[in-house]
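> Have a look at this one before I ask anything.
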Amino acid sequence: MSDEERTLVLLKPDAVKRRLMGEIIGRYEAKGLTVRAMELSTIDTKIARKHYAEHVGRDYYAALEEFITSGPLVAMVLEGRRAISVVRAMNGTTDCAEALPGTIRGDFGTEKNHNLVHASDCLESAEREIGLWFPHLV
């Protein structure tokens, strides 16, 4: 069984606004991951609700939706050895205040709700998310 995986990563509007795209993508590439697809776009609430379907209805969802639709983001598919766990480790914990130095959120994050990046959490999520953002890849 191969340990090559694909994962979806979003560089959220705060990463784009703060001009951190090159720095973040460079970190992924330096770790040996390959960008297989990438697109800059501003999403609407329909896509946000599909992407974050498991969060719709929770107390924090309205703020999440407002943030993720507030400006352009970068959606990309990264591929490589154990890509899902590698990317999640590189990103750091969701709450930037708790993220370790050396992680993307630990080095650049400013708050829990504006935490720069999203990454698929498992193979099933990766396939679902890649299908939503890049249907031609599934």
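Any Cβ shown, glycine's included, is placed from N, Cα and C.
The active site, pros-phosphohistidine intermediate annotation in Swiss-Prot covers His118 and rests on sequence analysis. If you look up Swiss-Prot, you'll see Lys12, Tyr60, Arg88, Thr94, Arg105, Asn115 marked as ATP binding site, on the strength of sequence analysis.
Provide an account of the burial state, proximal residues and distances for the features listed.
Taken residue by residue with DSSP, His118 (active site, pros-phosphohistidine intermediate) is part of a strand. Shown in sequence order, Leu8, Val9, Leu10, Lys12 are the residues of the chain, 6+ apart in sequence, with a C-beta less than 8 angstroms from the C-beta of His118 (active site, pros-phosphohistidine intermediate).
When secondary structure is read from DSSP and collapsed to three states, Thr94 (ATP binding site) falls in the coil class.
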